[in-house]
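Following this message is one structure expressed as structure tokens.
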Amino acid sequence: ATVGKVIKCKAAVAWEANKPLVIEEIEVDVPHANEIRIKIIATGVCHTDLYHLFEGKHKDGFPVVLGHEGAGIVESVGPGVTEFQPGEKVIPLFISQCGECRFCQSPKTNQCVKGWANESPDVMSPKETRFTCKGRKVLQFLGTSTFSQYTVVNQIAVAKIDPSAPLDTVCLLGCGVSTGFGAAVNTAKVEPGSTCAVFGLGAVGLAAVMGCHSAGAKRIIAVDLNPDKFEKAKVFGATDFVNPNDHSEPISQVLSKMTNGGVDFSLECVGNVGVMRNALESCLKGWGVSVLVGWTDLHDVATRPIQLIAGRTWKGSMFGGFKGKDGVPKMVKAYLDKKVKLDEFITHRMPLESVNDAIDLMKHGKCIRTVLSLE
């Protein structure tokens, strides 16, 4: 009944930075050429949503509907869409996979150039957004906007998933869990029998721990200032736990002493340039690999050149190195086959109306993942 019509639905709108989100009725346009309109069933709340709201530089990125870790059902498709049918289960992707650009054609990267990100760093341009509220254009965040009952996404930024997948759980594969798991498996390429350190035990860090464990690491050192996170890290395979506040010497020295000179692989899952440096310097010279996973663009990152000259490698990872259309369905299948944990990340469930409570929980480190229901 909704096909071909503008849909009025509920969404959480961020009218300006540093203010609570407001539940509004918005209008969601029909999908244009090559676009898909998706009924969002559930969405996680990710730290990157908070980053845009509270810390990001992009003050012109408002009003906006945040959310980029969602799952839903195809409601309708625009002209030229052949890959998707109404009723199919999908996960919208904040990194597209057009399949045609030189990045998509290379196995080395997932950095597709066809997506929204070439217009601006974090929101769709006003001409691309399909949302309006109270007569104003409302921007779409990371090309997705899952804090809305309906959203419109280009078909190159949608992954089709197993019809048996529970949407209120696999939504986490739209960002956090895939990001951390893939950083270990795809980017760091953690080796069996290796020693790893993971800095920051939010959902991304815990997923990185799970990735290290899945890759066969024999020792996984979990590092966090909040010791409450250590029990959870154990569930995902961590073997050792370090709280930097318990030590007077730098954390890199603590880890170096624990591991006979340094770890083989480290993953920074915080988004703090000081921690990034510590993660690199915790690696063993000669072959240690450190991966930046946590997101920030507010400061420069630095280290002494000898750290790299001595054979360490510094890498970055976005969305776990997964090409979305290929990787997300595989991760969903891995979950259904019980090879990847998801339920253990979910500490809270609430309706969309409680989105500000979910944001507060994350801001104060009181949750791993909160899943919002949009039904």
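The chain as shown is numbered from 1 upward.
Cβ coordinates are placed from backbone N, Cα and C, and glycine is handled just like the others.
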Quick check on the annotation: Swiss-Prot has H68, C175 binding Zn(2+) 1, so which of C46, C98 does it put in that site too?
C46
Name the residue, out of R102, R130, R369, that Swiss-Prot lists for the same NAD(+) site as G200, L201, G202, A203, V204, G205, D224, K229, V293, G294, W295, please.
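For the NAD(+) site that includes G200, L201, G202, A203, V204, G205, D224, K229, V293, G294, W295, Swiss-Prot also lists R369.
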Distance check, please: Cα of H68 (Zn(2+) 1 binding site) against Cα of V204 (NAD(+) binding site), rounded to an integer number of angstrom.
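Per the Cα atoms, H68 (Zn(2+) 1 binding site) and V204 (NAD(+) binding site) stand 14 Å apart.
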Near C175 (Zn(2+) 1 binding site) in space, meaning Cα within 10 angstroms, which of the binding-site residues do we find among C98, C104, C112, G202, D224, W295?
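Final answer: none.
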Which of the three DSSP-derived classes (helix, strand, coil) applies to G200 (NAD(+) binding site)?
coil
Select the closest residue to C104 (Zn(2+) 2 binding site) from the following binding-site residues, measuring between CA atoms: C46, G200, G202, D224, V293.
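Closest candidate to C104 (Zn(2+) 2 binding site), judged by Cα separation, is V293.
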Rank the recorded positions A1, C46, C101, C104, C112 by the number of other Cβ atoms within 10 Å of each Cβ and report the first-ranked residue.
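Comparing the recorded positions A1, C46, C101, C104, C112, the most crowded Cβ belongs to C46.
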In Å, how long is the longest CA to CA span across G200, L201, G202, A203, V204, G205, D224, K229, V293, G294, W295, R369, which the record gives as the NAD(+) binders?
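Across G200, L201, G202, A203, V204, G205, D224, K229, V293, G294, W295, R369, the widest Cα separation comes out at 20 Å.
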Write out, in the order they occur in the sequence, the residues of the chain not among C46, H68, C175 that have a C-beta within 8 Å of the mean position of the C-beta atoms of the recorded Zn(2+) 1 site.
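Once C46, H68, C175 are set aside, the remaining close residues are G44, T48, D49, G67, E69, F94, L142, T144, T146, G174, G176.
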